[in-house]
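Asker: My questions all concern the structure below.
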Amino acid sequence: MRLEKCWFCSSTIYPGHGIQFVRNDAKIFRFCRSKCHKNFKMKRNPRKVKWTKAYRRLHGKDMTQDSTFELERKRNQPERYDRNMAEQTLKAIPLITKIRHHRLQKHIADRHKPGKKKELERDNKELEQDINMLPKKVISKAEPLKMKVQVVPPQTQENLMEE
């Protein structure tokens, strides 16, 4: 069973699904749904349409460089069947899926870091501007009291015996 990729949005096309367009020069374009086919006929660039995989990769929304994608790569030359190799591959698939998921979560977290920092700065700025709107009780609870405390070093047992 061969799974194809949509020319426009890069999603997976299962056998018996989608639309196939063959140009006069015998180039084959496969589309997962009519939405992709219509956008292709309107000569839209997939890198400029926000819901496509090409746009997401180009604008840093999806991971592009990762060693786990090597297994998904299309191979044109068939490999000789090896039972041990097939067994190792099947055992490795869950581990690779777990690694890919972990890396994707890290990528998403890294993408959100600058936004959280900006949001915190914006909230602090708004609080400074509108501090007079808060009731006095809330302000006094929010700001900790500043008191001077004298720190006395702990006494060892030798010092206690001398006294």
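Heads up, the Cβ atoms here are built off N, Cα and C, so glycines get one too.
Remember, TrEMBL labels are computer predictions, not curated facts.
From TrEMBL, for reference:
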- 6-44: domain 'TRASH' (DOMAIN)
- 109-128: region 'Disordered' (REGION)
Asker: So what's near the region 'Disordered' (109-128) in sequence-distant terms, Cβ-Cβ under 8 Å and 6+ beyond its ends?
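Answerer: Same-chain residues near the region 'Disordered' (109-128) but 6 or more away: 60-61.
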Asker: Report the DSSP secondary-structure composition of the domain 'TRASH' (6-44) as helix, strand and coil residue counts.
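Answerer: Summed by class, the stretch gives 8 helix, 10 strand, 21 coil.
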Asker: Return the average pLDDT for the domain 'TRASH' (6-44) as a whole number.
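Answerer: Averaged over the domain 'TRASH' (6-44), per-residue pLDDT gives 95.
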